[in-house]
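Record features (TrEMBL):
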TRANSMEM  B:15-37  transmembrane segment
TRANSMEM  B:49-74  transmembrane segment
TRANSMEM  B:94-115  transmembrane segment
TRANSMEM  B:122-150  transmembrane segment
TRANSMEM  B:170-190  transmembrane segment
TRANSMEM  B:221-243  transmembrane segment
TRANSMEM  B:249-268  transmembrane segment
TRANSMEM  B:275-295  transmembrane segment
TRANSMEM  B:301-323  transmembrane segment
Amino acid sequence: MNKPLNTPSSAGVRLGGDTIEVMAMTALLIFSIVFFSLLAPGFLSATNFSSMSMQLPELGLLSLAMLVPIISGGLNLSVTFTANIAGLTTAWLVQGLLAGMGILSVPMAIMAGLVVGAAAGFLIGVIVAYVGAHPILVSLGAMIFLQGVGEFLTRGGGISGMPEVFQTIGSGNFLGVPIPMLIFLGAAAGLMYVMHFTRTGFSIYMLGSNPRATEYSGINVKRVLITVYTISGLLAGLAGMVMLARFNSVRVGHGESYLLITVLACFLAGANPFGGFGRVLPLVLGLMSLQVIASGMNLMGASQHLATAVWGAFLIIVMALRMPFIKQS
Amino acid sequence: MRNLLSRTRLGTEGVLLGIILALSIVLALTTDSFLSLQNLFDLLNNQSVNIIFAVGLVVVLIAGGIDISFAVAASVVQYVVMTLLIETLGGGSWALGIILSMLVGTLLGLFNALLIHRFRIVSIIVTIGTFNLFFGLLMYFTGGVSIYDIPDWLYYSIPLLDLPAERGSATLYFPAAVMAVMVMLTWFILARTGFGRAVYGFGSSPEAARRSGVSVWKIHAFAYGWLGLCAGVAGLMQAHIVQEVVPNALIGQELPILAAVVLGGATLGGGRGSVLGAVLGVLLLAVVQNGLNLLGVTPYAFRMIVGLIILIAITTSNLGNLLPRSTRAKNV
């Protein structure tokens, strides 16, 4: 761990490195907003914007949880079910063990949920780091396992009826911005700090672009990998909390359909499938564009499914344009 | 232990077969119905769709790619073929149904291949894209409505082999035969033709294969096209077994099947894997579920145990990486 790794100047350069992606994603966002405000009546209304900012955070947090492993050259297929299990833990603690503890029970249960999410990620990280199996496989096994644990604990049902506090978190506003959106933006800012301004973040980028060079440069690759998946699990756990708060209930499999869309969002926003590249800011902007497209199409009377199809087509087109510039390792 | 394993050269298939046999013996001793003809036939009937998917997917994995979109493609095939047959062809027949399913499935697979080959996009991205594209369009055009009114030839199950058993009779149905044909065909192409060897070669080192004259586009077209063909056939068989077409019935099947195929020895890096391994991978998970069922374990625990088995299998098959470097070097 040498000092030059983390000088402010290199962090600045790396931040500057995403100018193109940020510009492309901003252009996409502006274009889609203009497009739909011309075509879809009511797109520019306050109601539409508030409903968009209610829907974005779940997918957004899950996408952040997917981004970190992708930067490290892997993938975490278990994010959705990690979120489920974290949500279940919190719901179960609030209603069961901690029910008699009054107001203190909620923050404690939320902490526990986040810890469970991080622990799930930690275990995946340990297996990836020490066994050396492909992260897709490890997280796939973990995904099936976590889904099974959820099914076993809930017997296929759900837990609902959370205390009032969750409703406030899920549908409340702070200075006119929905609280889930603030949580998402806070998490994005936090992740941006970790990825761009800390030694850990730098090691993750380095690991993604060249694992062997990273190992030779004296970085503890195993520890970095474990950190990657722990961060991923923690963010997924946060997504679970937001989902729990927004729906006032938790059910295994809720948000399952987001899984491939989180990968789609990361690749769309310039993350390299071979690792090493991918930034938080373009991802946030890209997610906003995806949300704008979905909401705009919805307002125009098209179904959510057509929006899904458009997202898929979009990904293919963007990647076809981007592929000649991607470094393959 | 490691020396013993490497000396006997069991390979993944051998180990899997051993585990399946050991499990079967335990289950035969602990339950009275596992070893019945009925149960074994049911196992084959129920797994035929998954096995057809798996032998298609193993080809893509051997060629060094990955495909997430095949289950959605199968759903698209079901819908397109059924609509064509009912609305324009007046019902059709088995021959027409299978040919059409293969055709539509292959086309969808070739679409993936085209994007992967022509635009050089990584296969996982392409197939996540086509997953969303196919699924979105399917749900949009069908409105999520199922087709219950399927033609008679598809509706009534066809017994192949009907043997007397303890309770009534044990019957093996038509999808099992289709599965056997698809397994044999895939095995033949991969293991007995020069082209099959080229697929392995391409998977283990694309650049070396390209330089030695292997036509890359043929490999891509074959791998994804063949998976599409298998998916089409599997889709038709699934519709036949459940006697209806539900647009999202197969969604979510892709990842567990991928896990089963990888359990059978295929790697995500390409160049390794076999048809036998893929079949055994699916069968292992099926036997485990069947056994848990017969032992009276709650079905809610199945997936948890299957997930645990996959994790353990991944961990133990890579056990060599846990050993210190010096010991590892000796075994290479």
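Quick reminder: no glycine exception, Cβ is built from N, Cα and C everywhere.
Unlike curated entries, TrEMBL annotations are predicted automatically.
Between the transmembrane segment (B:122-150) and the listed ranges B:15-37, B:94-115, B:221-243, B:275-295, the one holding the most Cβ pairs under 8 Å is B:94-115. The stretches the transmembrane segment (B:170-190) and the transmembrane segment (B:49-74) meet in space: the count of Cβ pairs below 8 angstroms, excluding pairs fewer than 6 apart in sequence, reaches at least three.
Per-stretch counts of Cβ pairs under 8 Å to the transmembrane segment (B:221-243) identify B:49-74 as the leading one among B:49-74, B:94-115, B:249-268, B:275-295.
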